[in-house]
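Copied over from TrEMBL, here are the features:
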TRANSMEM  83-103  transmembrane segment
TRANSMEM  110-129  transmembrane segment
TRANSMEM  149-169  transmembrane segment
TRANSMEM  190-209  transmembrane segment
TRANSMEM  221-241  transmembrane segment
TRANSMEM  316-335  transmembrane segment
TRANSMEM  355-377  transmembrane segment
TRANSMEM  398-418  transmembrane segment
TRANSMEM  481-502  transmembrane segment
TRANSMEM  526-546  transmembrane segment
Amino acid sequence: MSTSIGDNETGAIVSNENVEFSVDFRGNPSIRSSSGAWKSSGFTMCAEVAEKFAYFGIASNLITYFTEALGESTAVAASNVNLWLGTAAFLPLIWGSIADSFLGRFRTILLTSSFYIMGLGLLTFSATIPSLCNDQETLESCVSQVKVIIFFCALYLIALGEGGFKVCLRAFGADQFDEQDPNESKAKSSYFNWLYFAISIGILTTRLVTNYVQENLSWALGYAIPCLSMMLALFLFLLGIKTYRFSTGGEGRQGKKHDNPFVRIGRVFVAAARNRRQTPSDTCLLLPNESTEKFRFLDRAVISCDSYEVEEAKAVLSLIPIWLCSLVFGIVFAQSPTFFTKQGSTMDRSISSTLQVPAATLQCFISLAILVFIPIYDRLFVPIARSITRKPAGITTLQRISTGIFLSIISMVIAALVEMKRLKTARDHGLVDSPKATVPMSVCWLIPQYILFGVSDVFTMVGLQEFFYGEVPPQLRSMGLALYLSIIGIGNFLSSFMVSVIEEATSQSGQVSWFSNNLNQAHLDYFYWLLACLSSLAFIFTVYFAKSYVYNSPK
């Protein structure tokens, strides 16, 4: 792509009207007044809304499909959901690397959207295949194996597409703001808030519409609607192509343009290890200190590597402690589409004598809490905090993340207390041995834990997004957002692992499992208390690391 007009010796575009290191879709220098910023990110945000409508149209009620349509047990279904969600959230690490080193974000979006749409189409087809059984056969034995195989192939094709689409779309949208321009740089922080707001609109809508269609009309129709929504997402993204800014990758990165980020970072560590004997007096710093120098032991690699590669490695390594602490939040995040939903399915969900609220629809309160709280946060909390702290964003991103983790602890405590009350109600009414009976306790008791979970999302999820995008070099920003998304992915994997281990440990010697198919005999409350304890430890360590963290730029 051409950057010859108005270039200086380093290749940067120096015209005030042009945007540095950026071109339009024709390869000409991007004009600030007619490209980028909100006029471009609006298209990506609309595409994100449609995409999240599609994704959560599948994810929100997936555990119900596993247990009812495929006849799986609660523990197996929860593990399968966690594995799928984890895969979808872990794949951005791979796609982010491919986008940053080879394809570019725009091409990666186009490629992965095709996988995404094909997966949704195949999923819809699988739901139309009838079960090959008769009235005498049980559900577990009669479900067509072909249907199951096609269903799982479709699910993981969706995960393959979604993993690349979401990470590159978010990074591409943030790229539309020029950090060298004071106004656009300030707007970028608001972009992440309003992006999450827009995402929540899509999630709320699909939980109200798609979940109802799936449980009351048809699973096939309930999966066809998300497929159409994903097609709309691709259309909306392409609609803004004339306004987009395409990065030329010139911000401090010279040569080896197409090296894989993992390869570059790995090369730095190998070089540092090889050169260790040449500088035996250096000590290996495992954590960033309070000075401006981070991980001095990596400076040995300068002998064999380019300086920008060393800085990349330092930037990524400094994020690891926060990434590790945030994994517990990822485990907590995995509970709303699994055990929260199964918990609600046992309770009184009736609105009238003929109408029941689908248990998965209760997740709408997460989205509603986000939609209400984000404007309050952006328009009220941030200006007040800014006037006190003199920080552009009011509080630092790590303070924001820590606050969200603290709120998630309270959410888990409330969930445990409500589950204890539900179990007591089941015992008091003699329903312990009646797994299909409705516990005479209103499902509204679950609303507080959903709302608090949504408010914690505003702090933690948006904070993690901004933190991992802003604290890596510009050429690694797809990978930065992939690290953020991998928290949810690894969290789901860890949740699945914990469920499997606890299921095995608590079901031995004739004991009742914590995750028994009969939730009136199970002990989800124990699991919630365990997560509250783990979250408390994560909160303590996050605060500890936040005190010594040195930001790349003032926050």
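Positions of Cβ are set from backbone N, Cα and C atoms, glycine also.
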Handout entry: Contact call for the transmembrane segment (316-335) and the transmembrane segment (398-418): at least 3 Cβ pairs under 8 Å, seq gap 6+
Key = yes
Problem - Recorded stretches the transmembrane segment (149-169) and the transmembrane segment (481-502) touching, at least 3 CB pairs under 8 Å - result: yes
Completion exercise
Answer key: the stretch among 83-103, 110-129, 190-209, 355-377, 481-502 with most Cβ pairs under 8 A to the transmembrane segment (221-241) is 110-129
Exercise for the section: Please give the sequence-distant neighbours of the transmembrane segment (190-209): residues at least 6 beyond its ends with Cβ less than 8 Å from one of its Cβ atoms. Expected result: 41, 45-46, 48-54, 56-57, 60, 170, 173-174, 177, 225-226, 229, 360-361, 363-364, 366-368, 370-371, 374-375, 377-378, 457-458, 461-462, 465-466, 469
Problem - Chain residues in Cβ proximity to the transmembrane segment (481-502) (below 8 Å; excluding those fewer than six residues from its ends, i.e. six or more beyond) - result: 75, 78-79, 82-83, 85-97, 163, 166-167, 170-171, 316, 319, 323, 326-335, 338, 464-465, 467-469, 513-515, 527
Completion exercise
The answer for the transmembrane segment (398-418), taking Cβ pairs under 8 Å and residues 6+ beyond its ends, is 322, 325-326, 328-329, 332, 335, 340, 343, 445-446, 448-449, 452-453, 455-464, 467, 525, 528-529, 531-532, 535-536, 538-539, 542-543, 545-546, 549
